[in-house]
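A.B. asks: Structure incoming, see below.
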Amino acid sequence: ILKMEMRRRLRVCVATCNRADYSKLAPIMFGIKAQPENFELEVMVLGSHLIDDYGNTFRMIEQDDFDIGSKLHTIVRGEDEAAMVESVGLALVKLPDVLQRLQPDVLVVHGDRFDALALATAAALMNVRILHLEGGEVSGTIDDSIRHAISKLAHYHACCTRSAEQHLIAMCEDHSRILLTGCPSYDKLLSAHRRDDYMDIIHSWLGDDVKEQDYIVALQHPVTTDIKNSIKIYELMLDALISFNKRTLILFPNIDAGSKEMVRVMRKKGIERHPNFRAVKHVPFEQFIQLVSHAGCMIGNSSCGVREAGAFGTPVINLGTRQTGRETGENVLHVRDADTQNKIYHALELQFGKRYPCSKIYGDGNAVPRILKFLQSIDLDEPLQKTFRFPTVKECISQDIDHILETQSALAVDLGGTNLRVAIVSMKGKIVKKYSQPNPKTYEDRIALILKMCSDAACDAAVNLNCRILGVGISTGGRVNPHKGVILHSTKLIQEWSSVDIRTPVSDTLHLPVWVDNDGNCAALAERKFGHGRGVENFVTVITGTGIGGGIVQHGELVHGSTFCAAELGHIMVSLEGPECSCGSRGCIEAYASGAALQREAKRLHDEDLLLVEGMSLKKDEQVTAAHLISAAHLGNSKAEAMLQTAGAALGMGIVNILHTVNPGLVVLSGILASFYQNPVQQAIRQRALSSAQGIHVVISELEEPALLGAASMVLDYTTRRTY
């Protein structure tokens, strides 16, 4: 509460470049001005607002009672490509002084104009946060390139449609900084287009003899990537309008390259003196809304035709490619290849005087409240640097001198209950060399041995095996925090191995990056990179060895869980009253189906002289193991068979629970008991799983060293920039 009370007002600078973007920005400016307790508004005006030929439209901003803090003359006249570039350069020269003086917290920029690109460039380089309106849209011209460039410079995005939102996400923008607001101009037009004085507005612009829906609004801009063709279309449109013989309000084109030639065509045809035409440089937005909403038709290539006009159901004829890719309502008839006067004339015959259902593709009238709330949520203390959300990059090994002369490899470490193993693993999953030592019982001895074995292996790799070690991957029993490289809780088989930071000493000694995860997760990673999991988005690996463990891969990524105990599959309970488990609970899968559980049952039968049958023998001092229980069952020992059936049913029931929880596409059984359990698991799935899960395949891992390969994969995936 104290933080909220102490928070100062957010200084928001709204920069407007022309009449079109002001229609989108004005509602936001009014909203900001109405909340002086939360915001401090600064208004910057530049671009064609300050040019007489384009109506000196800055005056309408003053008429709206906004104080213009800065006026920047940034337009270099010429109306060609070079003039546009020079205008951007001129704006970049002038903007630093203004931004330094205003010191805004946020700069609000609209759309896809070259002026807006200069604004976004200057603000980004001067560490000013940018809110971009209408990013993510597609229109099919150079505007797309400018719009997307501004989006990449902007820190926050207020977009108009669901498709635009998805485009921004696809462009790797942070989803948490994208707000689907709708178009701000809809806030005004949806509430204001039914004014009582609309006929007075129509008469003032088109003449007293004009009736509602018996006139045309024309607005055509140049396409800067195809100026010659856009001028030709403009000439054909004027010819068609002259022939169609309806009163027409025609607005001058914008200041883009090619506009001078368009105006020349208009004057050559005498449009300004023609009795059916009213040629104007600017119409205030509130009045323009009335003119469009009550028109018999709108024609041209303005975004107003495909956006705002749809809110009224006004028929629209969209000429050429300038709006290709934009979402439109059914009121828009496209004439993309507008190469003849007759084609445009025919479109006028089809559209003029029709009415269509109102479309709200671009907004519902509540954009401004959403944007103001979004602005208030901006944390000025969070880092200014943008972060991009790149998708996972599939494996692609580039060819360079290192790949040609050396084998890029990982150092893999497997900490088991009995042995400590280190291996050099190549990019393709080949174990180049393996080293093994008994796992020491104390923490100090174990750390010392790990460091010595890793150092020796790294030296061996470099000197004798021509391998470049890219990093170290460590697989260990227990619960692991892979982000910090810390073993949180170890298994009972490895003593003095809880709350251990293993990453730091290994990284400091070898000067290499180090990854750590538990053996179950490593087995799943091994399958993802080298085994049955390649190309499978969702699968589960279940390890059946001394204990029961595994890993879950969802959408191609390993699931760790909030406290790093996801995929503790051995501790799924399948019975409320079952044998005691090593975790302290009862009825876990591991208490029934692990190698340790089978060994326990084998010893019990042996102690009762019920294990050995004909064909079996035990040497003096030979230890009873799970293998003896399995042999006894194969030789007809009914009690051993019953125990194994119970173990198989328990594991199968647990895997059915997994299928019903995460619904994988594949189950991979790994470990020394995998082949024995395949049939019981498949039988349990057929008998107990929901029908939609019964078709899921259960396969046996073909990997000989899943822990080592999984540990190596953490390193090798990093080198190909795959997220882990």
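Note: Cβ is positioned from N, Cα and C throughout, glycine not excepted.
So TrEMBL says this about it:
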DOMAIN    37-375  domain 'UDP-N-acetylglucosamine 2-epimerase'
ACT_SITE  D519  active site
BINDING   H571, C581, C583, C588  Zn(2+) binding site
A.B. asks: Looking only at C-alpha atoms, tell me how far H571 (Zn(2+) binding site) is from the residue listed as 'active site', rounded to the nearest Å.
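C.D. replies: Between the alpha carbons of H571 (Zn(2+) binding site) and the residue listed as 'active site' there are 15 Å.
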A.B. asks: Cα-Cα, whole number of Å: D519 (active site) versus C588 (Zn(2+) binding site)?
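C.D. replies: So the Cα of C588 (Zn(2+) binding site) lies 19 Å away from that of D519 (active site).
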A.B. asks: My understanding is the cutoff is Cβ-Cβ under 8 Å with a sequence separation of 6 or more in the same chain; which residues meet that for C588 (Zn(2+) binding site)?
C.D. replies: I548, G570, H571, I572, M573, V574, G578, C581
A.B. asks: Between the binding-site residues H571, C583, where is the Cβ count within 10 Å the lowest?
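C.D. replies: Among the binding-site residues H571, C583, the lowest count of other Cβ atoms within 10 Å belongs to C583.
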A.B. asks: So which other residues, same chain and not among H571, C581, C583, C588, have a Cβ within 8 Å of the centroid of the Cβ atoms at the Zn(2+) site?
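C.D. replies: Near the Zn(2+) site, beyond H571, C581, C583, C588, sit G570, M573, S582, G584, S585, I589, E590, A591.
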A.B. asks: Would you count the other C-beta atoms found within 10 angstroms of the C-beta of D519 (active site) for me?
C.D. replies: 26
A.B. asks: CB neighbours of C581 (Zn(2+) binding site) within 10 A?
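C.D. replies: Around the Cβ of C581 (Zn(2+) binding site), 22 other Cβ atoms lie within 10 Å.
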A.B. asks: Per-residue pLDDT averaged over the domain 'UDP-N-acetylglucosamine 2-epimerase' (37-375) comes to what?
C.D. replies: 91
